[in-house]
Amino acid sequence: MENKSRYKTIDHVICVEENRKIHVWETLPKENSPKRKNTLIIASGFARRMDHFAGLAEYLSQNGFHVIRYDSLHHVGLSSGTIDEFTMSIGKQSLLAVVDWLNTRKINNLGMLASSLSARIAYASLSEINVSFLITAVGVVNLRYTLERALGFDYLSLPIDELPDNLDFEGHKLGAEVFARDCFDSGWEDLTSTINSMMHLDIPFIAFTANNDDWVKQDEVITLLSSIRSHQCKIYSLLGSSHDLGENLVVLRNFYQSVTKAAIAMDNGCLDIDVDIIEPSFEHLTIAAVNERRMKIEIENQVISLS
């Protein structure tokens, strides 16, 4: 289902089992921009919504990409469910549903960008979907380590019955028991499980790390890449950045530039990101961000009026 509005961003709704809905935002390539082979899916990091990536969508659109974003089920944002029921497997289910929906629309040439926690979900999903390439930014490779750094304690070391009701993750209440059970039952928790998901990867892969990232160890990212047998992969560092890629405008612009360059390079079958890009103006980015925030509020108000 497509929701038409006055905004350039197009809101779609995917209906999945149990009458749940996933909101998907579509940004078309700008007129007269370069032609690209692949549509790019953006999987937002934990506690990040689609509209948080308005600027990146504008960068990619200006450079010819058809861009798809979505809010996961049981997460922050517009899709169904509450974050206290979020699990990594629900994140994976959401990603697979979006890819399947795109395939039904005959959109089959896909590249993927996943950041932070969504990168771990992408790593586990690649054997079940067809994508041309993968880009990750501050991608989590060792979930247990990242959670310990983010939460200040290794909660996955505790027996299930000793866990608190909720874990406070960046101001959001994550249901401790449901999340931990899923981590262990579905094998999400450590670096070894990530390596096992990725060792047979046969598509190009670029991983962006941040040199001031306290939540992801760069040497573990290097270990992951060295375990991939195809060797179609490369690592780049976002200098001056922490795990929060939006901490200031300099870091944010570097992130936008770097990812856009990587997408162009990989769309052309290359891992070298020394390519030219078209940069939107700051005013253009601001307008896009404001419009998407308004659009989000309007959609939320529509849901409230129907309830």
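Each Cβ is built from the backbone N, Cα and C atoms, and glycine gets one as well.
The active site, charge relay system annotation in Swiss-Prot covers Ser116, Asp213, His243 and is backed by sequence analysis.
Just so you know, the Cβ of Ser116 (active site, charge relay system) picks up 26 other Cβ atoms within 10 Å once every protein chain is counted. Taking CA atoms as the reference points, Asp213 (active site, charge relay system) and Ser116 (active site, charge relay system) are 11 Å apart. Counting only same-chain residues at least 6 apart in sequence, those with a Cβ under 8 Å from the Cβ of His243 (active site, charge relay system) are Ser116, Val138, Ala210, Asp213, Asp214, Trp215, Val216. The Cβ neighbour count for Asp213 (active site, charge relay system), using a 10 Å radius and every protein chain shown, is 21.
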